[in-house]
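Listed features, source TrEMBL:
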TRANSMEM  12-33  transmembrane segment
TRANSMEM  39-58  transmembrane segment
TRANSMEM  65-82  transmembrane segment
TRANSMEM  88-107  transmembrane segment
TRANSMEM  114-136  transmembrane segment
TRANSMEM  156-180  transmembrane segment
TRANSMEM  235-256  transmembrane segment
TRANSMEM  277-299  transmembrane segment
TRANSMEM  311-329  transmembrane segment
TRANSMEM  334-353  transmembrane segment
TRANSMEM  365-396  transmembrane segment
DOMAIN    425-528  domain 'STAS'
Amino acid sequence: MPRRSDWAHARLRRDLPAGVTVGLVALPLALGFGVSSGLGAGAGLITAIVAGALATVFGGSRVQVSGPTGAMTVVLVPIVAAHGADGVLVVGLLAGMILLCLGFAGAGRFIRYVPVPVVEGFTLGIAIIIGLQQLPTALGVEVRADRVLVLAVRAVGAWFSSPTWASLALAAGVATVMVVASRYRPQLPWSVFAVAGATGLTVALDLDIARIGSIPSGLPAPELPHFPLAELDTLLLPAVAVATLAALESLLSATVADAMSVGRRHDPDRELVGQGIANLAAPLFGGIPATAAIARTAVNVRAGAASRLSALTHAVILLAIVLFAAALVEQIPLAALAGVLIATAVHMVRVSSLASLLRATRGDAAVLVITAVATVAADLVTAVILGLVVAGFVALRETAKTARLDEVPLDETDHWIEEHRLLDEHIVAYRLDGPLFFAAAHDFLLELAEVSSTRVVVLRMSRITTIDATGAQVLADTITQLERRGITVLLSGVRPEHATVLTHLGVYGRLAHENHLFPSTPAAIAHARVHAARVVHDPADLVPPPSSSAHDSSDK
């Protein structure tokens, strides 16, 4: 919840100019994402104002900026097509509730477990979708399709059949200014300059191209969206998708902000609560689901923001534009906003980062490419889940490679060396290193199953890092196979934390005798020699005295 300390770092000379800068940068983006979502430019502005203010006050980062984003519009477009505008508003409310639950449950810390290739992959996919979605508007044609690739192909085909140059020129001009000029003076709101120039040119030349049209001249009164309660269950899955994206993008943005600024780090759980409150409130005013915006947050930090006052100022600036400059905003050509979003898509693609990941390992490259392709071909949630699954398999494969089964020499440090050498021909000791889990356990089974020409196998367990149910079951089966072939199995150095799973899955029960479990390897080897002596010679002649170093438990 808000605290007085949230505003302790406020610096008017830094926060107010930074807030104005971010507000100007956010204006064309809010308009563009509102149009792209299907609910109109006004919905984008309302979202930037309401969600931007509430997420700032209640969120967990002091420099983060929230509002409509390109990634979110990608998720919202099919929801609008299936359930209409009111359906999107209800999805926003449900997503807000989910985010609140995640925040209060302490789920914010789990964002660190999302692999970088997955994040970069869906970011690349989102950038491609945003760019393709803007082609009809940028080309000045009207086409419809359920899939973005089909939409782009139809748009290009329609334009070639009847080419018009005004919309294309405006979109290309705005995008070029934003991409090129921002490389030299990134702190300036080039999107505002480009859109203002395109609007002035459109009005001066009286170009016959689509414009934003009517937008609210103030905030509407809050009201609940109208949606049949009987159909509410159809919105649960979309709400989960929206909440997942909002959580992921917000916490990633906060992490980026932490890296760019010096000071107290963000509170991930409070950030989820703040985003939940923002998404509960925005739909009541007609706004779309929101999340933190990485690009606007970066502008805020680069502009010198020191506290939450900057992001709050950004929301106030947008509200002032709605109240006092709505008539001017209504004249902005849609092609100019398409250019803004195309430039935004270009900025989302970090070529150096992608190149590094593609060169790093084949596993990382595969995760990135699969996630990106799935984002474009399917949907964001499917892409992230698929990316996590593939990343998990890659990690398991690499972890399994660290597991080893090594034969180790037996101790020869006492006066029984000659007799021990004779007995040791019937004893084999193995050291198990690394994780004994489902991805590696069967390799152990295959190697141990090949053991022959011996009487006793000693398994040194102290270097096993983890054991799961599959690993324990495979170990139990291996012991059974060896015992059936007349080979006695001894276990040594089992860690206390592994004893429970070995007990419950019957590993100890597979041993020929309950005394075949030893705290140390020397004790196990001493017993193995006694056992071998019973088989090979008269044990009375060969049993070492009690003071033998074999009972030294220092070697685990």
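Glycine is treated like the rest: Cβ placed from N, Cα and C.
A TrEMBL annotation is a machine prediction, not a hand-curated record.
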Segment-segment contact (the transmembrane segment (277-299); the transmembrane segment (39-58)) at 3 or more Cβ pairs under 8 Å: yes
Top Cβ-contact partner of the transmembrane segment (334-353) among 65-82, 114-136, 156-180, 365-396 (pairs under 8 Å): 156-180
For the domain 'STAS' (425-528), the mean pLDDT of the predicted model: 88
Recorded stretch that, among 39-58, 156-180, 311-329, 365-396, has the most CB pairs under 8 Å to the transmembrane segment (12-33): 311-329
Among the ranges 39-58, 114-136, 156-180, 235-256, 311-329, the one whose Cβ pairs under 8 Å to the transmembrane segment (88-107) are most numerous: 235-256
Any contact, the transmembrane segment (311-329) to the transmembrane segment (114-136), with at least 3 Cβ pairs under 8 A: no
Any contact, the transmembrane segment (235-256) to the transmembrane segment (365-396), with at least 3 Cβ pairs under 8 A: yes
Candidate ranges 39-58, 156-180, 365-396 - greatest C-beta contact count to the transmembrane segment (114-136) (under 8 angstroms): 365-396
For the transmembrane segment (365-396), sequence-distant contacts whose Cβ falls under 8 Å of one of its Cβ atoms, 6 or more beyond its ends: 71, 74-75, 78, 114-115, 117-118, 120-122, 124-126, 128-129, 148-149, 240-241, 244-245, 248, 354, 357-359, 439
